[in-house]
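Notes follow the structure.
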Amino acid sequence: MNIRLEKRPAPSRMLLALTPLLAVVATMIAGGIMFWALGANPAEAIRTIFWDPLFDETFGAYSRPQLLVKAGPLILIAIGLALGFRAGIWNIGAEGQYIIGAVVGAGVGLAFYPTENRLIFPLMVVAGAFGGWAWAMIPAILKTRFGTNEILVSLMLVYVAENILASVSSGLLKNPDGMGFPGSRNLARDYPAASNLELIPNSGMHWGVVAAFVAVIFAYVLMTRHKMGFAIRLTGEAPRAARFAGVSPTRLVLFALGTAGALAGMAGLFEVSGPAGQISIDFGSGYGFTAIIVAFLGRLHPVGILLAGLLMALTYIGGELAQLMLGMPAAAIQLFQGMLLFFLLAMDVFANYRIRIGQREVA
Amino acid sequence: MTDALLTLEGLTKAYPGVIANSDVSFSIKPGEVHALLGENGAGKSTLVKTIYGLVKPDTGRMMLNGAEFSPANPRAARAAGVAMVFQHFSLFEALNVAENIALGMDNPPPTGELAGRIRDVSEAYGLPLDPGRMVGDLSAGERQRVEIIRCLLQNPRLLIMDEPTSVLTPQEVDILFHTLRKLAGEGTSILYISHKLEEIRSLCEDATVLRLGKVVATCDPREKTARELAEMMVGTSLHTPEREGGETGEVLLSVAGLSLPAPSDFGTPLKDISFDLRAGEVLGIGGVAGNGQDELLAALSGERAVPPGMVRFKGRDIGRLRPNARRALGLLAAPEERLGHAAAPEMSLTENALLTGDTREQLTSNGFIKWGKVRDFAARVIDAFDVRTPGTETAAGALSGGNLQKFVIGREILQRPEVFVVNQPTWGVDAAAAAAIRQAILDLSAKGAGVIVISQDLDELMEISDHFTALNEGRIARIRPARDLTIDEIGLMMGGAHDMAEAIV
């Protein structure tokens with residue numbers, strides 16, 4: 001008796017569609033065992049993570065809006081990343097682009113303080129997008145001009161961005177009225193023209209969430225109806241055929257990294273002017289890295305990313321709730337989120353292979 | 001049956017979704033050159049891999065010299081006296097001949113002794129080879145000799161040769177056949193796989209024809225015409241392409257002193273290539289693979305930019321134009337590699353129609369794809385070129401090689417090219433589809449287009465070309481009218497002249 005993996009002639013479409021759901025189920029089971037080992041009631045832990053944030057009478061009112069607040073930047077960043085990932089361009093540095101977008105956008109807003117003008121916030125959005133775009137252009141140009149590896153360059157630029165963030169929050173952008181504490185003025189609280197507040201009270205809906213939904217629609221149209229989307233898919237599936245079809249690899253790299261950078265930069269700006277409120281040393285919260293998981297969990301498909309972003313946001317909020325209510329350590333929650341990606345990738349194997357159980361062929 | 005060296009009885013091997021061999025039985029006598037014929041996908045490779053111990057049959061058995069023979073791996077097969085020369089060589093370029101041969105042996109003797117034995121065998125069989133030379137410096141024909149000598153050193157009783165002549169010049173083929181006949185004369189059996197029917201007629205005494213995994217015929221190939229053999233393989237009667245001797249017109253494409261460095265360490269630099277292509281002309285470019293064919297196509301299609309003045313289309317310098325700008329002018333191309341270059345295997349035929357069809361068929365507006373129009377274009381290609389597919393939404397990779405090739409060629413021809421460059425138009429394509437493709441190329445030239453056909457199949461080039469030249473190490477030979485050429489002259493043009501003198505025994 002032995003178990004073998006046998007390659008399918010073609011990937012199973014049904015399983016490809018089902019694997020995200022199967023991965024969630026498997027994560028719940030494995031996560032439940034982990035929570036049980038940590039001394040919690042597994043059913044209660046799973047319910048706390050997946051159910052209570054939305055439907056608990058006490059916490060729901062607080063955590064429901066958080067769902068959109070957390071999902072917005074994840075979706076916005078993941079949409080941009082997926083464009084590159086589809087073409088085999090690996091931008092791992094969205095976190096850096098997110099930080100620089102926030103710094104540049106907030107910087108522009110703070111430069112106008114305390115002027116009140118309705119154009120200031122749109123201008124900040126443009127500046128944020130520009131900041132993220134410019135930061136992404138560094139790996140893009142190094143790759144197209146000198147053939148450097150965009151994975152390494154974009155990743156290393158995250159650490160540069162974090163140091164810039166630390167520097168400006170205790171230097172250039174430090175709040176003059178902040179009594180010496182590091183961190184900028186609070187845009188959300190102290191500067192109405194530059195603030196990104198909730199559009200509908202208690203919904204969590206702010207301009208960044210709107211931008212994320214718009215990005216989903218744009219990405220969907222781009223990928224299915226536009227030449228550029230076709231060029232991206234073609235490059236990902238058959239790079240030589242793409243070159244034969246007249247796709248310029250250089251333009252594609254600039255487009256994919258530039259778009260991802262601009263969207264990440266915008267996400268940073270919406271965050272700094274809204275939920276975070278100010279530029280501070282600990283502004284970088286890992287959205288740029290989590291968005292990589294979201295992009296893959298959503299199968300690099302815009303609608304999939306929308307759903308994956310909401311799911312990932314739920315585990316964030318539910319995880320915090322589990323820490324609070326059940327005393328679970330933060331590491332356990334991160335492990336739980338990691339399991340999601342792990343099981344997704346593992347389940348993918350079954351879309352491409354089938355299991356054969358039986359006797360080995362007689363030699 | 002008792003005098004047979006190898007007997008196969010009812011061999012069957014199924015893979016998911018396809019039966020590669022179904023109840024295959026035949027036998028090979030000692031000292032016989034036995035041909036295994038069949039189209040691509042007929043199951044020839046699976047069958048020889050079974051004999052060589054790489055594949056285990058689901059049912060059926062083999063007898064070697066009257067004893068049960070079921071090799072668990074190639075080593076066991078070699079120990080039993082079965083040797084195989086693969087189509088693709090497994091040699092290390094940075095090692096010399098003797099070292100390469102030692103690496104492939106189960107129990108290599110000391111280097112000095114081995115070198116001596118290599119010299120003995122190579123002289124005995126008319127395969128001159130210096131054991132001390134680096135494999136990287138050898139021609140394709142010489143590399144094949146390394147593989148053959150590696151086999152001969154094991155004194156095989158059965159030698160399997162898979163498409164051995166596809167990389168050889170006509171002169172090198174002669175040397176090889178001389179060797180094979182000598183081996184057969186000494187009692188070694190040879191199982192010879194090829195789709196070159198004239199070769200089989202001159203070399204083999206017995207033939208087994210496979211179609212869709214089954215033995216459909218056995219015959220003595222010397223008593224059949226090439227056409228009859230081809231029809232046995234295909235199972236239908238064949239249509240021979242006809243050309244209506246067209247007048248050639250103005251110069252459409254002019255290449256002058258085209259030189260390009262190699263695109264990578266494994267590429268071939270192009271050196272001072274010059275020719276004119278006229279309206280209505282078919283220019284055949286022969287040559288052994290790896291002598292600059294891919295590089296020439298890329299320079300003409302626009303995948304690689306070319307310095308100014310080297311490539312002109314109707315007098316206009318197009319060296320800097322990208323593929324779609326060249327398509328807009330009327331210069332279209334079809335590369336050799338279907339999967340991954342001419343077509344994206346995972347994408348549908350509709351999407352693959354868009355791959356090159358956008359510019360001339362206006363399949364987009366303002367960057368937005370008109371999918372309905374793309375689908376119509378794909379359907380027209382499928383229709384006009386008899387592409388066998390369930391529909392336009394089938395993935396390109398799901399089509400057989402011949403059907404996908406018809407789609408790729410049809411996609412370009414339906415866009416009415418003024419100049420059409422095609423590399424290996426019928427490689428790996430069954431005989432019926434090949435005839436259809438050649439006819440389409442001739443029809444295109446009859447309508448006044450200029451066509452460049454790059455091919456390794458000399459029969460094909462002789463059949464359809466007006467002018468002929470050959471690529472050898474990135475250079476082309478002087479262009480000659482095709483009808484006056486003899487096979488010897490072609491061989492010389494292909495660069496077969498080197499090391500011929502010592503080789504003729």
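Glycine is no exception: its Cβ is also placed from the backbone N, Cα and C atoms.
In TrEMBL, annotation is done automatically, which means it is predicted and not curated.
The annotation transmembrane segment is assigned in TrEMBL to A:69-89, A:96-113, A:119-142, A:151-173, A:205-223, A:252-270, A:276-298, A:305-326, A:332-351.
Same-chain residues lying 6 or more positions outside the transmembrane segment (A:205-223) and placing a CB less than 8 Å from one of its CB atoms are 65, 68-69, 71-73, 75-76, 79-80, 82-83, 86, 121, 125, 196-199, 229, 232-233, 263, 266-267, 270-271, 274-275, 301-303, 305-306, 309. In summary, the transmembrane segment (A:252-270) lies against the transmembrane segment (A:69-89): three or more C-beta pairs, each 6 or more positions apart in sequence, are under 8 Å. Between the transmembrane segment (A:96-113) and the listed ranges A:69-89, A:119-142, A:276-298, A:305-326, A:332-351, the one holding the most Cβ pairs under 8 Å is A:119-142. Among the recorded stretches A:69-89, A:119-142, A:276-298, A:305-326, the one sharing the largest number of Cβ pairs closer than 8 Å with the transmembrane segment (A:332-351) is A:305-326.
If one looks beyond the transmembrane segment (A:305-326) by at least 6 residues along the same chain, the residues whose Cβ comes under 8 Å of a Cβ in the stretch are 20, 24, 35, 40, 44-45, 48-50, 52-54, 56, 59, 63, 66-71, 74-75, 78-79, 82, 212-213, 216, 219, 290, 293-295, 297-298, 333-334, 336-337, 340.
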